[in-house]
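Structure below; questions to follow.
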Amino acid sequence: MFAMVTVTVLLLISSGIFCENEKLCSNGGTKCTHHCGKNNTVGICHGQNGNLKCECVEYKRKMF
């Protein structure tokens, strides 16, 4: 019983996370870029049609 409740809770949490990522990656990913910019990172949307997951990555510029 405990395992079933745990799995259900994890599924509900993960579906909420994916819904938030879809919102961030709609409209060309501008919300993802803005969201990640708060942490001085670059927002990249990827997944099916480029709108399933917003990922914040650190941008390192090479110095010449």
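Glycine is treated like the rest: Cβ placed from N, Cα and C.
Quantities reported herein were computed from a predicted structural model and do not represent experimental measurements.
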Can you look up which of CYS19, CYS25 is joined to CYS45 by a disulfide in Swiss-Prot?
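Swiss-Prot says the disulfide from CYS45 goes to CYS25.
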Which one is it, CYS54, CYS56, that Swiss-Prot ties to CYS32 with a disulfide?
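Answer per Swiss-Prot: CYS54.
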Want to know which disulfide-bonded residues, from CYS25, CYS45, CYS54, are within 10 Å of CYS36 (disulfide bond) at Cα; which are they?
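Taking CYS25, CYS45, CYS54 one by one, the ones whose Cα falls within 10 Å of CYS36 (disulfide bond) are CYS54.
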Checking your reading of the structure: which of the disulfide-bonded residues CYS32, CYS54, CYS56 lie inside a 10 Å Cα sphere centred on CYS25 (disulfide bond)?
CYS32, CYS54
Select one residue from CYS25, CYS36, CYS56: among these disulfide-bonded residues, choose the one with the most other Cβ atoms within 10 Å of its Cβ.
CYS25
